[in-house]
Each structure stands twice: as structure tokens, then as C-alpha cells.
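What Swiss-Prot records for 84, 219, 223, 229 is Zn(2+) 2 binding site. Marked as Zn(2+) 1 binding site by Swiss-Prot: 168, 170, 183, 196. Residues or ranges marked as Ca(2+) binding site in Swiss-Prot: 175, 176, 178, 180. Residues annotated as repeat 'Hemopexin 1' in Swiss-Prot: 295-343. Annotation source Swiss-Prot lists repeat 'Hemopexin 2' at 344-386. Residues annotated as repeat 'Hemopexin 3' in Swiss-Prot: 388-436. The repeat 'Hemopexin 4' annotation in Swiss-Prot covers 437-484.
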């Protein structure tokens, strides 16, 4: 203090100012240090500049292990990882969690039948696309638990879904394109069930040209159901976004959600209903009995096979088997009507077109679904330029899904989705497909462009380059697709 007083007296003599006047001038002039620390007016009041700093401050010790592929340029020239906005727990990496990677939020729903409502939608996508994607994201969790989800369109739902910008009322502001993609609130918290997506992201479905809504939504719904972030490799509940297709739960995700809610409940079996001896005598209605027990997948042939949303669906006698990345999914086989209400049983053929619509054939009729929503049918095959007996198999071929072939007996037709007609009502002979049997039950194309033809318990793999069946085929379907025991005598 003595030194400061001496310094002020010295300055007063140099400037020829009385000491009281010098002190008054120092108080009135703005402090250079304070001026440097104060942000520009536009930044001080900008809602975006303040929010993300508060949010990222609550994300402890997570950015050091982020792969470079997760980082994107920000408007300021720095880099930000694409990630969920739910803060990570500090003890996610502690020793206690190394064996059990999944982390629970401490809450769970006390019921298994939940409702959801979408309040606002992103501008890039059609509303029905968003609804279908949200339903698929919830289905990822319902397939491995007893949970069910039903959409409602008014009032308060258990899960409230919204697309919002910047500050939106929950003290977790969004930051514009990139960075924070979405966040959600856990069960038994003050905003339980709320899920918010950043409206300013470039939302897409099923591709990496933007941010895949299906993957982000499925991740956020994991939070809504009670899961925290995990450090397990390739887990859906990792805090950082990486595009993966098709979407699937990791073993860690599955263990976590089943720890909270258990495994899916199997429908109780009951004796098959008996028909009265007078059934049909006083009515012209036909009673359709759904099968109660699926056929043995290792002993059966299949009615139809199709690649739908990047997954394989095998159809038989009203049931469907769903394979993702070569693995049968939990909860399957299941009744096909679980996905496609009103679908007849059995189906003769099925395929998914380039627009994502799914076509089913039975007898002289066909049906079209947009996802799981029926949009057409039953309609006559004659509308497509086909006459006579049913379609036995349908094959979508080519990377653009623009080559569709219908097979029947030893004949085939090429179908044009744009005109909704076959190119010629007169079929060509299936001998054009070298090595493929004349009579087939089903056909599909894999992700690498190979075509598969099924007949009975066997399948033939067709090379699109050499335009013929590969050496070593046919092979049995059961062992190659469902891990069945290899038959003792296999026809080669």
C-alpha cells in the first residue's frame, strides 16, 4: 500500500495534477483489463455463445478419447465432436464398471406399455418418414424387452419428442449444426420422458450424408428408458455419433436394458381351437386360424425371403425370421402380422423397392406397405401386366434397386417400378440364369450384389459378374443362415 501511495504521488507531480483529482480521473476512466475481458455486445447477448460453454463444462473427461472421425469443423474454425448432449457420469470409467460396462441412470419406468408423441418435426423430412423412423428406433428396444410403445397425437404422453433450436427451456441449449445432436431426460427426473433433437442438424434416414435420425433417436430412447452412456466398443449408448448401418444393439446395450426391464415375454401357448361341426353352415365368412407354433427353421422350406431395410426377412406359414448382420434377432420368429397388419398368410413373394415400399404377393393379388403402414391392396396382378398363376419369387437386383424380376415356374418377367408394369407380358425362360433351378421358392440379393435362389432346403448363390451360379452350390439353408446342424447327406 505504501508503494502504491508513493507511485500515485510521483505520477501527480509529473502530471502537475493534485492527488485527489488524479484519483477521481482513474475511477472515471474504463479499466483496460475490464474492457478486454468484457465480450462484444452482440456476443454477450447471443443465446448460442453462452449455452454450449455451460453444457460442455458438464461433460467431464470425455473428449480426450474421441476418434478423429467424430470431429467436425465449427463456425469458429475449431472442431467439435458429434455427440449426445446428455452429460457423462464421472465414474463411467472407474474400476467398478470395467466388467459391467453399461451404466444405469438410477431410474426406470414402473410400467411396460408406454406412449409417445411427436410435437414438432425437422424440415428436411416428410412427417410420415419421421414417424416411421421413430417407431423403428423404439422397436430396437421393444424387441429385446417386454416394453411396448404406442403413438398418441394429443395430450401428455410418457415420451414427448420435439425438434428445437438453441435455448428451448431446459437449460441444455443446442449449438446449431454439428456438436450436440440431441439430449433426453431419464425416468424419475423432473422432465422424465422428454427427448429433444437439434432442429438445425441435417437430418437424414439411412445414409451418412447428414445425421442419421434412426441412430440418434434409438440412442436417446435408451436414455429415456434409463441407460446412461457406456464405454463399450460399438455400443449404441456410446456418447459419440458414428454412422452404422444397419442399426443394431451391442451385447452391452442388450444387457443394460434387460437388467432394467427383463427379457421379452413369450406369448403363452394354448391348445389349438377346435371348429364346431356346424361351422360354415349358417355363414359365408371364412375363419382364418393363425398358426401358434412356428415351423422348425432347420427342417422347413421358406415361402419368401426379402432384404428389407438392410436386414433379411424369411417368411413361412405366417411367421417371419429377422436376421441382422447374419444373426437371428431376439424375439423371432414372430407373426408377420406383428409388422404388417392385414398381411395375408402365407405370402408367395416379397421385395422392397427403391423408395422403401414393401411389396407382398399371394395368389393373384399383391399388397404394398410403406414401412409397416398399408398403402395399397389387395390389388390384382393384372394391374402389373401379369396373368395366370401366382408369382413364386421376386428378386431386386442391382445397386439402384431398379431391376426387379418376377419368377414363376420356369419363366421370369422384368418389372419396372416407374411404370408399375412388366416390360412384356410374354415371359422369358429362366435358363437365362445359368445354374439356377427352374422351380424356385424365393430369391433375394445381398449387400455385395450376389443373388440367392432358394428351393426346398437348398440355396444357390449367383455371381452378378460371371452371370452364373458359383461353384460349390447348392448349399443347405439351415446351417448357413440359422446355425443348424449340417445334414449328413447334402446334395451337391
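Backbone N, Cα and C define each Cβ position, glycine as well.
In terms of Cα spacing, the binding-site residues 176, 178, 180, 219, 229 all stay beyond 10 Å of residue 170 (Zn(2+) 1 binding site). Least crowded of the binding-site residues (183, 229), judged by neighbouring Cβ atoms within 10 Å of its own Cβ: 183. Put simply, 180 is the one of the binding-site residues 178, 180, 219, 223 whose Cα lies nearest to the Cα of residue 168 (Zn(2+) 1 binding site).
Under DSSP, residue 168 (Zn(2+) 1 binding site) is assigned to coil, being neither helix nor strand in the three-state scheme. On a Cα basis, residue 176 (Ca(2+) binding site) lies 23 Å away from residue 229 (Zn(2+) 2 binding site). DSSP gives residue 229 (Zn(2+) 2 binding site) a coil state; it is part of no helix or strand. Taken together, the residues in the repeat 'Hemopexin 4' (437-484) have a mean pLDDT of 92 on the 0 to 100 scale. Here the binding-site residues are 176, 178, and the one whose Cβ sees the fewest other Cβ atoms within 10 Å is 176. Residue counts for the repeat 'Hemopexin 3' (388-436) under DSSP (helix as H, G, I; strand as E, B; rest coil) come to 3 helix, 22 strand, 24 coil.
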